[in-house]
Amino acid sequence: MKNMLNIILTLTIIFIGLIKISISSDSGSSENGIYFYTYDTICEFTNSIRDDDQYELYYVQAPLMYAIYGDLFEKINAYHSGVGFYNLNGGPNISIDYFAGPTLEDALIPQNITKDSQGNYNLTWNTYGLIEVTNYINETYWSKRELIMYGLTGLQVKQYLSWAPIYNQTHPVYNLFSIASADASGSGDNGYLETILHNLGIGGGGGGSGSENLIVYQNSSTCDDFVWASFNTIYQLGGTLVGMQSNPPKDQITLFTTDEPTIVDYNNITQRNQLASFYINLMGIANKNESALQIFQELISLFNGTFYCYIDGVYYELHLSKPTPISFTYQPSPMPTGQRNSNSIETLNNCYSKSSTDNQSFFNRFSKIQIIFISIAIGFGVVIILYISIGIMVNKSRGKSGTNLIPNKKLWTSIGSKFKRDNNKNNYKPLLYNENTIQ
């Protein structure tokens, strides 16, 4: 019941209509050196990454709707999440996340509901899910960070970023809810998270207690789902998981239904008008001159009956479970395990080059210690050249010629004689030990 109250409280604030903003990850612009790349421009960014740079991967989180409410939603474990790559070689760090556009509210209710001349309704939506990459990690915004993997190369990061557009193309709409069956006990709350992740190919096995009775009809498509898909992708590409005492926590909102959701025929005027009535009531809750408590109570009743979900252009009718119609959890979630298969990761063709270091400056190819030794060697060579050049000019002014122009000729000759081979001596032969030579 506590989980249900948490999610209803979250939705109460959403439907009051106070969040007409995007929940994208960072704030910044190209003017201060911060650049934003979406799925269709990521390839412009990948070739700025050096193949041999070393990275660590972090799970980063920010309180939901931080720009308006600060850390308020942190109190109920409601977070926006992403992935952060920290460059260990001094290059730019990288953050990437998946968010609802234009706003989170637009993923829940239609943009417009209009009525035609015959009194029939039409619903239009403006919602999408968008991946955003930034060459910067805003540590004020991403207030929670947890190390997940290490030993990543720049090449693996580029391969991952080339996978991200494929993910966005297959997840074009932000879907807040998973839809699952209620289990045999009617609670619908046991093992569903493990089952969902297992269906996505993440985690070592099936669900926990009760999952054998659970059917997942529809997976969500949220920021956390993108993060866990990212963990799996990086793992398949060769990332090394750190030793964690427990798996990182994941937000999950699930609607539990008593039977399989049915697709609503939008072309059926009767069914379309029922859809419109549902969403009009939903939006009307926020427009009523009522207290937050009254809105809260109306939303509770809303989640105890017939419910409609709009997912990627399709409407679904759900009959929600009475004991537990909805669940909002924030709990440890399985990480990828088992044998890796980098060939299972689909990437965008021609999105990155494996030889980007050819386009880097000379010194960017070496570590700091190597640069120090190279600098010393170059400096020593310059000193020798100057010494010989000045010495030749001085000796020439003294009337010397030929090899006598070389400064300190006797010194250089004696050094050279140390390495001169004596042709009168036998060549070195290794001493072979046998019974006669060993006394």
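Think of each number as a place in line: the chain as shown, counted from 1.
Cβ atoms are placed via backbone N, Cα and C, with glycine included.
The signal peptide feature in Swiss-Prot is assigned to 1-24; the stated evidence is sequence analysis.
Annotation source Swiss-Prot lists N-linked glycosylation site at N93 (among others), citing sequence analysis. Secondary structure at N93 (N-linked glycosylation site), taken from DSSP and collapsed to helix, strand or coil, is coil.
Reduced to three states, the DSSP call for N112 (N-linked glycosylation site) is strand. N112 (N-linked glycosylation site): 9 other CB atoms within 10 A of its CB, across all protein chains. Annotation comment: Swiss-Prot describes N112 (among others) as N-linked glycosylation site.
Taking Cβ-Cβ distances under 8 Å and a sequence gap of 6 or more within the same chain, the neighbours of N122 (N-linked glycosylation site) are I113, T114, K115, D116, R272. Look at N122 (N-linked glycosylation site): DSSP puts it in a strand. Per Swiss-Prot, N-linked glycosylation site is recorded for N122 (among others).
Per Swiss-Prot, N-linked glycosylation site is recorded for N138 (among others).
For N168 (N-linked glycosylation site), the same-chain residues 6+ apart in sequence whose C-beta sits under 8 angstroms from its C-beta are Y39, Y98, G129, L130, I131. Taken from Swiss-Prot, the feature N-linked glycosylation site covers N168 (among others), and the record attributes it to sequence analysis.
The feature N-linked glycosylation site is assigned by Swiss-Prot to N219 (among others). Following the DSSP three-state reduction, the secondary structure of N219 (N-linked glycosylation site) is coil.
Cβ neighbours within 10 Å of N268 (N-linked glycosylation site), excluding its own Cβ and spanning all shown chains: 11. According to its DSSP assignment, N268 (N-linked glycosylation site) is coil. If you look up Swiss-Prot, you'll see N268 (among others) marked as N-linked glycosylation site, on the strength of sequence analysis.
What Swiss-Prot records for N289 (among others) is N-linked glycosylation site, and it gives sequence analysis as the kind of evidence.
Under the heading N-linked glycosylation site, Swiss-Prot lists N304 (among others), citing sequence analysis as support.
The feature N-linked glycosylation site is assigned by Swiss-Prot to N359 (among others).
Taken from Swiss-Prot, the feature transmembrane segment covers 371-391.
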Rounded inter-Cα distance in Å - N219 (N-linked glycosylation site), N138 (N-linked glycosylation site): 30
In three-state DSSP terms, the structure that N168 (N-linked glycosylation site) belongs to: helix
Distance from N112 (N-linked glycosylation site) back to N268 (N-linked glycosylation site), taken between C-alpha atoms, in Å: 19
